[in-house]
């Protein structure tokens, strides 16, 4: 983990309340594992006190640039949405453990499933997998057409299916409906998104090799505050820290 000030290259709305921010700085050279995250200080003022954890969406090592995607819902992310080109942001990272790209052999097929703001980390993951010869299929889930983003970016690396809960774009239903109806075949499943989606994927495909990136509220981002603990399922008193031990876990390692 390193601490640095990165420069805002751009910051724009790409879907309903969904923003893409591109940051530049030497810290980017250390972002080698898809699925890790950055911890951004959103203001120089006393409040908001806590940093905001944002997953790494795309890395351009040649330009020392990293893209992060976030939904401007709360006070902190609304402050981020107001950041202008040329501004500086205090960043900690990379944090956490990412997806196991090295374990997936060339020629295998990986199914990447994202829901809402869980879609961004799949972009860099897809890029890294295809670079090593892994076949990639994407299934992206959103609430409505206005929420859809990153479809074309995913299509650049492999077949991509989009589902919306209200049926206003792509297939109507949930990501699990698409996987079943399209009869998608895969060797390994990697997913990031809301807990109900991850739970459904674990229930239906837990007999296969499945990796889940957990979305939990975080305080410190380094495992000190215990705000993001998740039960392991071994017992009612056995927990892991999502920020430190995760955010990516094998499906059987966590209770959902």
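Every residue gets a Cβ built from N, Cα and C, even glycine.
The structure displayed is predicted, hence computed values, not measured ones.
The domain 'FAD-binding FR-type' annotation in Swiss-Prot covers 1-101.
DSSP gives residue 71 (FAD binding site) a strand state. The FAD binding site feature in Swiss-Prot is assigned to 52, 53, 54, 55, 69, 70, 71, 76, 77; the stated evidence is sequence analysis.
Annotated [2Fe-2S] cluster binding site per Swiss-Prot: 220, 225, 228, 243, in sequence order. Annotation note: residue 220 ([2Fe-2S] cluster binding site) sits in a coil segment as assigned by DSSP.
Within 8 Å of the centroid of the Cβ atoms of 52, 53, 54, 55, 69, 70, 71, 76, 77, where the record puts FAD, the same chain has further Cβ atoms from 40, 68, 80, 117. Site extent for FAD: the farthest pair of Cα atoms among 52, 53, 54, 55, 69, 70, 71, 76, 77 sits 15 Å apart. Classification of residue 243 ([2Fe-2S] cluster binding site) by DSSP places it within a helix. Using residue 52 (FAD binding site) as the reference Cα, a 10 A cut-off selects 220 from the binding-site residues 220, 225, 228, 243. When the alpha carbons of residue 220 ([2Fe-2S] cluster binding site) and residue 69 (FAD binding site) are compared, the span between them is 20 angstrom.
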